[in-house]
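Q: Structure in structure tokens, see below.
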Amino acid sequence: MDCNPRLLLFILHLLMSCVVPAFLTIYPPNEVNLLDSKASQGELGWISYPSHGWEEISGVDEHYTPIRTFQVCNVMEYSQNNWLRTNWIPRQSAQKIYVELKFTLRDCNSIPLVLGTCKETFNLLYLETDDDQGSHFREHQFLKIDTIAADESFTQTDLGDRILKLNTEVREVGPLSKKGFYLAFQDVGACVALVSVRVYFKKCPQTVRNLASFRDTVPIDSQSLVEVPGLCVNNSKEEEPPRMYCSTEGEWLVPIGKCLCNPGYEERSSTCQMCREGFYKSTHGNMECSKCPPHSFSHHEGSLHCGCEKNYFRAEGDPASMACTRPPSAPRNVISSINETSVILDWSWPEDTGGRRDITFNVLCKRCRGTAANVSTSGTLHCEPCRSNVRFLPRATGLHNTTVTVGDLLAHTNYTFEIEAQNGVSPLAFKMRQYAAVTITTNQAAPSPVTVIRKEKTSRNSVSLSWQEPDRPNGIILDYEIKYYEKEEQETSYTILRARGCNVTLNGLKPNTAYLLQIRARTAAGYGATSPSFQFETSPDSAFSISSENSQVVLIAISCAVAIILVTVLLYVLIGRFCCRSKSKHPDEKRLHFGNGHLRLPGIRTYVDPHTYEDPSQAVHEFAKELEASGIAIDKVVGAGEFGEVCSGRLKLPSKKEICVAIKTLKGGYTDKQRRDFLAEASIMGQFDHPNIIRLEGVVTRSKPVMIVTEYMENGSLDSFLRKHDAQFTGIQLVGMLRGIASGMKYLSDMGYVHRDLAARNILVNSNLVCKVSDFGLSRVLEDDPEAAYTTRGGKIPIRWTAPEAIAYRKFTSASDAWSYGIVLWEVMSYGERPYWEMSNQDVIKAVDEGYRLPPPMDCPATLYQLMLDCWQKERNNRPKFEQIVSILDKLIRNPCSLKITANTTSRPANLLLDRSSAEVPSVGTMGDWMDAMRTLPCKEAFSGVSYSSCDTLAKTSTDRVVLTEVHVTPATCPDWEPSMGITTL
Ligand code: AMP
């Protein structure tokens, strides 16, 4: 090498200013070096040919890091051809390589005295071989990659110095196929310093994208993109196959698909890590783990679910994010309303729903022996599950509403209903079951209909039938009513028979005729629903033709039958007479004939609840006569009923005298139910036939307006009538009125009808002062009554008139009617005073319950006051029966003197009412004693230890309200008081 000092200076300059320190070099991650001259600390060992050409020089950079460079600068000589060849470089997986050269190149103009041979380029070449060929070197084997020129050579400084600039050139080579290659640098007369040579190839480096890991991938030169499948990282699962493309530039492109962390793991720094304690993740996904919901916990890492705290549960379908819940508490405020053999149960939602909304209710029915108070020695009621035919409406389990109707229970039976609230976790917590229980006793109920009727024998004039007892007799069947008629006549004329047993023979039928028949059973609770119509036909005349050999037998049989019939008729007449005398109520078979649906032979019958009819309009037509609207003339409005006006008017029936009537109308726009309820009153009234019960003339249902026509009661309702005529009647007149009411009530109770709303306002008075019980209906009676108030158990009750047991637990009986009668008695004797005056309903209930009773009205005969007190006995069985009341009043009327003993008061206690326990009231012990006292009471001392006042006081009236504190009895002579009009029977 020429030791030109300027050249050496140049080289030194070059080395000190241009070299990039190797240890600082950081290459892009997608570049894989195959050769880096700077990385070598020692001699590189490259071949230089000829030997005076390229020269390897060692130096240090500014950090004193040794580097190796090559330089050549034979610019002063002609025909330069200097080669520098690298060592053999294994290709590895590279298909395409990049050669990065850093060099300086001296500008020929800057070199003085050059002889025109100076060059400013050098050549880059390569040779592929499968093995290292050592020092063997042939120029012609090398392929040229490019001629390398400097972008910049020297630049001029302000001081006029020239500074070397480092050039970087990169060339691509490929595709390569052999195992390795050499690079060669050919200098043809330039002044060049090769500072570094780096050979590298590009790859897509291993990476994790969307939780999928992609391996190192070397791009294939022939293809622009390489599709690379990804592998899900640990604890994750492929959602959609992950893929990416590796470009020739070593870049990952277009990630597709992804992986999701497994349950219990969440994504953290491109990995799936376990959930921490107190957190959970129940599904695949790259969301974070969630905190455990209320009433749950997780004590370890990687939880899929959080466990529930003690007594808390998770139902099968509950999401893991939902709080743990528990069974609900018991339902509250269970109310039962008993209607014969069905009960409506109502309750409120449980106080604690357990944190859930899926509450349903189950009702368990148990039939219990004895009452709730009557428990076994083990302390439990003797209960057994109810029979399967008990009906629940809508159903017994899985109820979403807080009410259920239970039907088809046995009459007079104790039942316990356990009402349990359930939610989704109740099945998991059986031991935590809580329920509310209610025990009820069913009432009477009419029997269910007869469903099976069989024809046993038919002849031309008779048929024998048998039937099965109803499925649910609901009591002892007293008898069966058999109603039949010719099919063609369509019920316009029919016959009714009664039978005690389950069979009957119908005689006197027309031959060869079709009949329809219906049967209904009767118990103490009344008639049950009628059976479906049963059709039978009598034999034709020809069927009666008999063969000659039998004719004699038949003749004998007929003779016998005629004889038997004659004897039977005779006996019937005799027994009938005897029965009439002995007032037998239920002959074994009693025939009642009805024509045009009208009763011809009324016997002692039982009230039939029209609601037991499947079709209530059938009941109306059974018990009420259909009237022609043209026969009715309306005169004026006399009152207002619930369903429309009440008018007075006239009724003219064909071939009868015109009579005054009251006409109740059903106002327009009524619903079906209103029509039914309106006509129900007629269905009930039409069953009664008594001088002290308002008489039904008939109904108009086939034209509008629908009407109920009754006898007209000139003086209207009793309460207003009395108020209008305050103090104007004699004691006997008042007792007469009371006797009429009692007589009507006796009739009703004999019929098995409980009025429930007996009050002076529901008694009508005619021009003869005859009092008649009116206002019949079912629930309507109470709904209609302005006095009726809602009780805590639901339902409306006229508190002041109603017996405590009826208020407390709806025990309505003739005995509760007797209590009401006592109040009517008080109303009558006080000329329409309001019972308990201005006291509130609640105060009335409380006072009555504590034993307080209304005091005697002013100048009230002691006997009548005693009767009131007896009617107000707490124990209902101790109250007088209406029969007894009628009898007592009859005796009073026969002995008017007894009315002169008054039960007056001289002062009024602060609480207005009389405490029965402390009051001095005439007491005659039991009802029997009472009756005896009445029998022996003619105008003599009936009670001892009491003072007397004059008879006149009875006739006197006063508007002052005073309360009894002492009793005055008058033994003086009494004028004979005649019963006034209005007293029908004595
Ligand atoms: P009711 O709907 O039965 O309560 O009748 C309302 C009012 O009509 C009663 O208070 C009476 O004033 C009057 N009223 C009802 N029926 C009759 C009748 N048969 N005779 C006279 N007035 C009656």
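Sequential numbering from 1, following the chain as shown.
Each Cβ is built from the backbone N, Cα and C atoms, and glycine gets one as well.
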Q: Quick one: which of K625, K657, K664 does TrEMBL put in the ATP site with V638, G639, A640, G641, E642, F643, G644, E645, V646?
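A: So the ATP site in TrEMBL includes V638, G639, A640, G641, E642, F643, G644, E645, V646 plus, from the candidates K625, K657, K664, K664.
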Q: Among C73, C306, C308, C324, which cysteine does TrEMBL link to C191 through a disulfide?
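A: So the cysteine paired with C191 in TrEMBL is C73.
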Q: To the nearest Å, how far is the Cα of D757 (active site, proton acceptor) from the Cα of E642 (ATP binding site)?
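A: So the Cα of E642 (ATP binding site) lies 15 Å away from that of D757 (active site, proton acceptor).
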Q: Out of C108, C118, V638, G644, which recorded positions lie by ligand 1, with a C-beta less than 6 Å from some atom of it?
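A: The qualifying recorded positions are V638.
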Q: Helix, strand or coil by DSSP: which one applies to D757 (active site, proton acceptor)?
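A: In three-state terms, D757 (active site, proton acceptor) counts as coil.
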Q: Within a 10 Å radius around the Cβ, which one of these disulfide-bonded residues has the most neighbouring Cβ atoms: C73, C118?
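A: Compared across C73, C118, the most Cβ atoms within 10 Å surround C73.
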Q: With a radius of 8 angstroms around the mean position of the C-beta atoms of V638, G639, A640, G641, E642, F643, G644, E645, V646, K664, what other residues of the same chain does the ATP site pick up?
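A: Along the chain, the qualifying residues are C647, T665.
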Q: Over the domain 'Protein kinase' (632-893), what is the model's average pLDDT?
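A: PLDDT averaged over the stretch: 90.
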Q: Compute the C-alpha separation of E642 (ATP binding site) from C191 (disulfide bond), stating it in Å without decimals.
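A: Their Cα atoms are separated by 129 Å.
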Q: Rounded to the nearest angstrom, how far is the Cα of C118 (disulfide bond) from the Cα of C73 (disulfide bond)?
A: 9
Q: In whole Å, how far is C108 (disulfide bond) from V646 (ATP binding site) when you measure between their Cα atoms?
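A: About 138 Å separate the Cα atoms of these two residues.
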Q: Sort out for me which one of C108, C191 has the most neighbouring CB atoms within 10 A, since those are the disulfide-bonded residues we care about.
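A: When each Cβ's neighbours within 10 Å are tallied, C191 leads.
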